[in-house]
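> The structure is given below, and queries will be raised subsequently.
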Amino acid sequence: MRLNGEISSGEEEEEEKQTGTTTFSSQKVVVGYALTSKKKKSFLQPSFTGLARNRGINFVAIDLNKPLPEQGPFDIILHKLSGEVWREIIEDYREKHPEVTVLDPPDAIQHLHNRQSMLQDVLDLNLSDCHGKVGVPRQLVITKEKDPSSIPYEVTKAGMKLPLVAKPLVVDGTAKSHELFLAYDEFSLSAVEPPLVLQEFVNHGGLLFKIYIVGETIKVVRRFSLPNISKRELSKVAGVFRFPRVSCAAASADDADLDPNIAEHPPRPLLERLARELRHRLGLHLFNIDMIREYGTKDVFYVIDINYFPGYGKMPGYEHVFTDFLLSLVESKCSNKKLAA
């Protein structure tokens, strides 16, 4: 059985050799993982696996060529593979092995694969009493059935304001699904292939806040983003422009000399409430939120994307945060067993 983002048996054997060393903890926690090779490299860095091993955590690669129930036993399973086959495997395992913590439930993850549904939970929130306002840019969904030539008409009919950000509707883990286009006029959108989500562009000072969630822990990292667009520029420029993934590690803004009005982090009470509500509504432990502050305001924020199991390797101090989180899951489960006994 080979799945999207498969792990080779050689990688599995090497990982088992690396995780077979003695730990300094009396209690060992076994974390099975099913990750793409790229994800494994960025997430399971030596600094992380070494710290985790010293605190009693062993990472073991799941062999995708063998039935999952025949492997383990596991305390926790970490996974991020695409495809219906894997989804069915992990869902079946989760139902039959409730003693194992699966991060995260497949159905909950699926919710974030659609950019329309992922932001609906933010729209449903009421955070008016939390030192700020959080919303979602006005958006329009263009389904696969739509003729691209009809997009300008749909935009005009919906009363969307230019410029518009166009993103693929489906997030499937590929680089293509994270591309975005910036359209200065509605007619140029005929060149972009549906299905799409069109969002009104909100000027935000060229800065984006990546809010990493690991259980109850919140970490904020600033990233450079698309610059403000003036009315003058909008009147002179036409066309649609393609951008790669905007918020990458190389575009870190944490050490830059920025205008304090732009660079100031969102209020902590607001982030804590937002993270808590989304954890509950999404049913996820591991995700990040891409948030912007409307330029010229202090407390008006927009969520523009939510990603499952993001690139935690880019989050400062992720090794300690993740190690503490994994141990807390096991400790919580042990405590619940004692209370039930």
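Every residue, even glycine, has its Cβ placed from backbone N, Cα and C.
Since we're looking at a predicted model, the values are computed, not measured.
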> Given that Swiss-Prot annotates ARG115, LYS167, GLN199, VAL202, SER225, ILE304, ASP305, ASN307 as binding ATP, state which candidate in HIS178, HIS320 belongs to that site as well.
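According to Swiss-Prot, the candidate sharing the ATP site with ARG115, LYS167, GLN199, VAL202, SER225, ILE304, ASP305, ASN307 is HIS178.
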> Based on Swiss-Prot, name the residue from LYS80, LYS96 that is recorded for the same 1D-myo-inositol 6-phosphate site as LYS38, GLY173, HIS178, LYS210, TYR212, ASN288, ASN307, GLY311, LYS314.
LYS80
> Please give me the binding-site residues out of VAL202, ASP290, ILE304, ASP305, ASN307 that lie within 10 Å of LYS38 (1D-myo-inositol 6-phosphate binding site), comparing Cα atoms only.
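Of everything listed, nothing lies within 10 Å of LYS38 (1D-myo-inositol 6-phosphate binding site) (Cα to Cα).
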> Which of the binding-site residues ARG115, HIS178, VAL202, GLY311 has its Cα closest in space to the Cα of ASP305 (Mg(2+) 1 binding site)?
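Closest recorded candidate to ASP305 (Mg(2+) 1 binding site) by Cα: ARG115.
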> For LYS210 (1D-myo-inositol 6-phosphate binding site), which of these binding-site residues sit within 10 Å, Cα to Cα: ARG115, HIS178, VAL202?
none
> Looking only at LYS38, LYS80, GLY173, HIS178, LYS210, TYR212, ASN288, ASN307, GLY311, LYS314, the residues listed as binding 1D-myo-inositol 6-phosphate, what is the longest Cα to Cα distance in Å?
21
